[in-house]
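Listed in TrEMBL for this protein:
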type: TRANSMEM; residues: 7-25; note: transmembrane segment
type: TRANSMEM; residues: 31-57; note: transmembrane segment
type: TRANSMEM; residues: 69-93; note: transmembrane segment
type: TRANSMEM; residues: 105-130; note: transmembrane segment
type: TRANSMEM; residues: 142-158; note: transmembrane segment
type: TRANSMEM; residues: 178-199; note: transmembrane segment
type: TRANSMEM; residues: 229-251; note: transmembrane segment
type: TRANSMEM; residues: 257-276; note: transmembrane segment
type: TRANSMEM; residues: 297-315; note: transmembrane segment
type: TRANSMEM; residues: 327-355; note: transmembrane segment
type: TRANSMEM; residues: 410-432; note: transmembrane segment
Amino acid sequence: MTAALDISWIGALAGLALAIILILLRLAPTYALILGAIVGAFIGGANFSEVINILISGTQSVQGTVIRIIAAGVFAGVMMESGSAGTIAEFIVDKLGGTKAMLSLALATMVITAVGVFIPVAVLIVAPIALSVGNKMGYSKIALLVALSGGGKAGNIISPNPNTIAAAGGFQLDVNQVMLGGVVPALVGLAVTVIIASFNKFKGTKVTDQEAAELDKSSSKNLPPLSKALVAPVIAIVLLMISPIGSMLGADFLEKLKIDSLFILPFAGVVGALALGKSKDILNYCTAGLNRMTPTILIIIGAGAIGGLITASTLPAEVVALVESLGISGVFLAPIAGVLMAGATASTSTGVILATGSFSNAILNTGVAPLSAAVMTHAGATVIDHLPHGTYFHVTRNAMGMSMKDRMKVALYESIVGLAMTIVAVVLFGFIL
């Protein structure tokens, strides 16, 4: 391990800063992170052999997270490619109706994100429904995207998505623990989303009749029935919750039956595909899911390299000493790390990966419990993860056909939703529990 090395904190900080700057300059994040780790290690006083040891040790430390994310690709592929997520979204919106449009749209995006669909994909799935509803009710695109994005953020912190897997792996926890820990902040995030979206219903550009007509032309889709679409997510949720439910009920057998998401998510995905009558498409779903996971996996490898540098350096100890000298509670280090790293990379999952890989030891050394640290870091990563230097900003803008001015207004409201969830997480896990 790299613990025997003594890398200067200046080198670690320089390497991290270089990596972030290169990401902002649009270099592929994996290369940016690895290059930052190499340069930082040399600045910190390492020789060639020690740099290699740092890189290998760091990347080895994230392999558990990598293999879980690869496994989750099966489930994600089934949910996204089979149309199951679209069925669930349409059902929620239809049942709640237009009079509760903001709640229905936010809840639909929250639910399909929570069951394992990536948040940009969730927004793309629900966007046509939102635009149709908006045209009928005369609602603005700002309000519609606030509902979708805010709901997606709320669902993201209780989902088995790569960001949750990374938050759990960074603090040696089960994914279901972090998912459950995010429930209360997520519900608050949903409520804040609906309030903000409702307040802006008639402010900004409206959905035109021409846009609505184009949606009608392209809406011919063959979605599966709800009963079949729910099979995969229900199986996944039930199996993931077996151990926590056993703990709450005092059932030792269930509590000890800790089945990892590595097994649960692929199993749920395959059974879900069979229930949909899509056995011939399982291989295609697996390929599609793996393709969606690959960018995240590559980023994790790079984050492991920079994490190895920071772990081998004196930076974690210096951070703890700084926090103590300023009289700031160590509780705030976790959400701040999440906010800054996600903001720098404009990505929830990359932000969580960097925050946990780089600062997990420093956070735990302040006396914060692993579950509290994971939930607060995870929530913090939703505050400014939607900035314009990331893809999410532009994907969602294009999905809604928005102007840059309107999209920037939505970004402010998205930050309010993320901040609300972070505050609740800090109060709940930093001071109450």
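In case you wondered, yes, glycine gets a Cβ from its N, Cα and C as well.
A Cβ distance under 8 Å defines the sequence-distant neighbours of the transmembrane segment (31-57), meaning residues of its chain 6+ beyond its ends; these are 1-2, 5-20, 22-23, 299, 301-303, 305-306, 308-309, 311-313, 354.
Here the transmembrane segment (229-251) has Cβ contacts under 8 Å with residues 75, 78-79, 82-85, 87-88, 115-116, 160, 174-177, 179-180, 223, 257-259, 261, 264-265, 267-269, 271-273, 275-276 of the same chain, all six or more residues outside its ends. With a cut-off of 8 Å on Cβ pairs spaced 6 or more residues apart, the transmembrane segment (410-432) and the transmembrane segment (105-130) reach fewer than 3 such pairs and are scored as not touching. For the transmembrane segment (257-276), the list of distant contacts is 67-68, 71-72, 74-79, 82, 84, 116, 160, 165, 174-176, 224, 228-229, 231-233, 235-236, 239-240, 242-243, 246, 282, 285, 289: same-chain residues at least six beyond its ends, Cβ to Cβ under 8 Å. Non-local neighbours of the transmembrane segment (69-93) in the same chain are 101, 104-105, 107-109, 111-112, 115-118, 121-122, 125-126, 129, 133, 160-162, 165-166, 221-226, 228-230, 232-233, 236, 261-263, 265-266, 268-270, 272-273, 276, 278, 281-282, 284-290, 292-293, 296-297, 300; each lies 6+ residues outside the stretch with a CB under 8 Å from one of its CB atoms. The transmembrane segment (7-25) makes contact with the transmembrane segment (327-355): 3 or more of their CB pairs lie within 8 A, with pairs spaced 6 or more apart in sequence.
Nonlocal intrachain contacts for the transmembrane segment (178-199), taken as residues 6+ away from its ends with a CB within less than 8 angstroms of a stretch CB, comprise 102-103, 105-107, 110, 114, 143-144, 146-147, 150-151, 153-155, 157-160, 164, 167-168, 240-241, 244, 371, 374-375, 378-379, 382, 413, 416-418, 420-422, 424-425, 428-429.
Same-chain neighbours of the transmembrane segment (297-315): 2-3, 5-9, 11-13, 15-16, 19, 28-34, 36-38, 40-41, 44, 46, 54-62, 65-66, 69-70, 162, 166, 347, 349-350, 353-354, 357-359, 361-362, counting only residues six or more beyond its ends whose CB sits under 8 Å from a CB of the stretch.
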